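To start, the structure under review is shown below, and the notes come after it.
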């Protein structure tokens, strides 16, 4: 209520109100000055209001007093209950925790004025969740109330928490929230097998590394606390098996480590131990965190393929062994209860396998072709064995056959050497070191020996020094060599091997004589270099040789032209003579000479066909007439002609057109004896034909012809 001292109560004063909430929250009676709230007030919304009031003259509207300011404070009442702003809550605590273990702290908020009364004083309590948990009434801290709470018994708890103001007194307002508490796992339980014996049946044909069974130990813990490790306890049969842990199911997977054989052993027994990987030292007193169980495995009999006595066979055979020779055998057996016979055959893959055959019943391997170690030194193929009772059951084994060498090749010089010796070489100087190679392969290594052949050992040029390490040195035996006398030397070297039978070969080495300096450095090995000055270039040498060749051609042409000119001059008169000699039918003994040689035999075509040697090659050089002693008087001209024919038949350079190879029988009663110039010791130009005039009228024509030729001979012109 507002009142001014100037207000006499006659209605001349008017009161006005302004400020925070004027007209909306508060109103004033203009006459009496009473202030009223026109709506509900909420301290939590606005705890106070600041207003201004003034007294005004009703008539003049002028303020009667200065404006005054006042505050209206809203007094709190308990109209707000406590609230859990963060609820509902989720918490966890390890199982088996002791009493009083901290779980969670909750907090409730009351919007009332904490400075006025007990409206904002909150007290906490548990409405649901006892006797497992407790809460501090003032702080709201939740703790465990029971010891050894087991997660495996109960894992989830829901606790209802109440917060009440007014200090928890009657009439106070209350708020609630829920707290979901989970017991986390600890490794407080060892693994346990549900049964003490596990029975497994395994076929003997199971492959190594395959899983043959599973066993499981139960651990009620969770997560890593439930991880189990399985181990086989050493004992009967344990070395044939292995066990691992399936990470998803925590089962023990038993695997085969070695092959099983029903005929050898039908059952195996061993123990398996299961233990936790992650132990908690707080629970060691509970006992060992492991358990054991017995595993019994019964091996089932299966129809199995034959088994070879060896995993691989290695055999040896000499090359060139006769076809059909047995070189070895393979053996396979059927180990099943009802033993079956076995058949063998070669696993054909390529043509190499055809070099051998195998006996289907005995398994013996024999050669099918001749073997050559130099072609193929080793053969590798497979033999398959199958059961007669069940041919589909087969087994395979590798067979390696090594071909042994037979000493059949002689050693030879390994590489062709270009050997040279200096002209100024000294005796005992090594000019070449040679090595040998042998196509044969000796298991202990070949040993070669070197020596000179018998025909070369007596020559004083070179010798061979065997170093006895499969090498030899070619040494000089002379003091200096001359290219002018001999440019090349051929040295036969005999090389022998050490195998049986001993093989040897003679290798001819070519040694070239070269010009060297004083240090033994080769300067030149060419023949042309002997006659040429030192220091000429290759181009200069070629130019000199070309000039020499041109000069030689000119000389040859000149000589040929001179001879051709002289021949043409002589033939002018000789053509007539030759024709007369060939076609002259009246020489000799005349018609009364009935014992003359039949010239037709010389011109018999059959005799010409019998001579198959081509003799139509004109000789490059001028052949001079053969010098024979003159035919003695009364020698049968038939023998003479036969002798001439035989000489010309075996002479490959005699031209067929040479008139000297054709003869006619002149008769044996001539006073002038033979007219042939073949056996004359003098040349045609040196003979004197004047004696022909003394032979009578029959030789007048012949005397005239030779007389004319003699008078025409230009050599006698002075």
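Including glycine, each Cβ sits where the backbone N, Cα and C put it.
The annotation domain 'Cadherin' is assigned in TrEMBL to 4-84 (among others).
Annotated domain 'Cadherin' per TrEMBL: 85-193 (among others), in sequence order.
Counting residues per DSSP class in helix, strand and coil order gives 13 helix, 54 strand, 48 coil for the domain 'Cadherin' (194-308). Per TrEMBL, domain 'Cadherin' is recorded for 194-308 (among others).
TrEMBL lists 309-413 (among others) with the feature domain 'Cadherin'.
Per TrEMBL, the feature domain 'Cadherin' maps to 413-531 (among others). Across the residues of the domain 'Cadherin' (413-531), the predicted structure has a mean pLDDT of 85.
The transmembrane segment annotation in TrEMBL covers 530-561.
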Quick check on the domain 'Cadherin' (309-413): DSSP residue counts for helix, strand, coil, in that order please. 5 helix, 48 strand, 52 coil
The domain 'Cadherin' (85-193): DSSP-derived helix, strand, coil residue counts: 3 helix, 45 strand, 61 coil
Report the DSSP secondary-structure composition of the domain 'Cadherin' (4-84) as helix, strand and coil residue counts. 0 helix, 32 strand, 49 coil
